[in-house]
Amino acid sequence: MNPLLEDMENAFTGSQSSHAAFHDIHSINPTQLMARIESYEGREKKGISDVRRTFCLFVTFDLLFITLLWIIELNVNGGIENTLEKEVVKYDFYSSYFDIFLLAVFRFKVLILAYAVCRLRHWWAIALTTAVTSAFLLAKVILSKLFSQGAFGYMLPIISFILAWIETWFLDFKVLPQEAEEENRLRIVQDVSERAALIPGGLSDGQFYSPPESEAGSEEAEEKQDSEKPLLEL
């Protein structure tokens, strides 16, 4: 093939690819981008994400559920007033359930302070509460005489242990990863919107119009006709 034709085809291919790239960038809808940014910023203005709010509700449920079980245990073992005096005023590590209730209060205060008030985005607070809860309950079960006091001797330590580990799982596998993903999405949308803002809005596809590609046979025919014209004139 003629080198001139090859150069023309290469130039045409380059212009076509650059026009396609520009068209892809220019086809981004700024209205949609702004709507997405406003939605993400609206979530940030809430101060707390939906998944974190669910986590805080579960922490509150943990405290209320342990408190309910402890009050039921107080009523079962001889009335609230008498049992309160026995378990709180005359506290005994080996036979009292009051420390399990205080353990639930400890978890509630630390987790709500860290993840609702301070909006912490790290796992160290939940790791602290779960480690303290697990160590204390293991020592309580091994050293105390709770198993000889009926069903509550089994229920309160086991339920408290399970709830603490469910909170750890929920924060580590749901709250933190989902919030990190939302932040990445917001960052990507903002980057795209900034790039789209750099493109002039008045440009149209007609300004970057490229003529349709013609067939190679027709170009060769035109060259032959041009070369034959001087001969005909002679």
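Cβ atoms here come from the backbone N, Cα and C positions, even for glycine.
Just so you know, TrEMBL annotations never went through curation; they're auto-generated.
TrEMBL lists 48-218 with the feature domain 'MENTAL'. Model confidence over the domain 'MENTAL' (48-218) is summarised by a mean pLDDT of 86.
Sequence annotations record features per position, and here TrEMBL assigns transmembrane segment to 55-76 (among others).
Outside the transmembrane segment (96-116), and at least 6 residues removed from its termini, the chain residues within Cβ reach (under 8 Å) are 48, 52, 55-56, 59-60, 62-63, 66-67, 70, 73, 86-88, 125-126, 128-129, 132-133, 136-137, 140, 146, 152, 156-157, 160, 164, 167, 171, 175. Marked as transmembrane segment by TrEMBL: 96-116 (among others).
Positions annotated as transmembrane segment by TrEMBL: 123-143 (among others).
Taken from TrEMBL, the feature transmembrane segment covers 149-166 (among others).
Look at TrEMBL and you will find 200-234 tagged as region 'Disordered'.
Look at TrEMBL and you will find 224-234 tagged as compositional bias 'Basic and acidic residues'.
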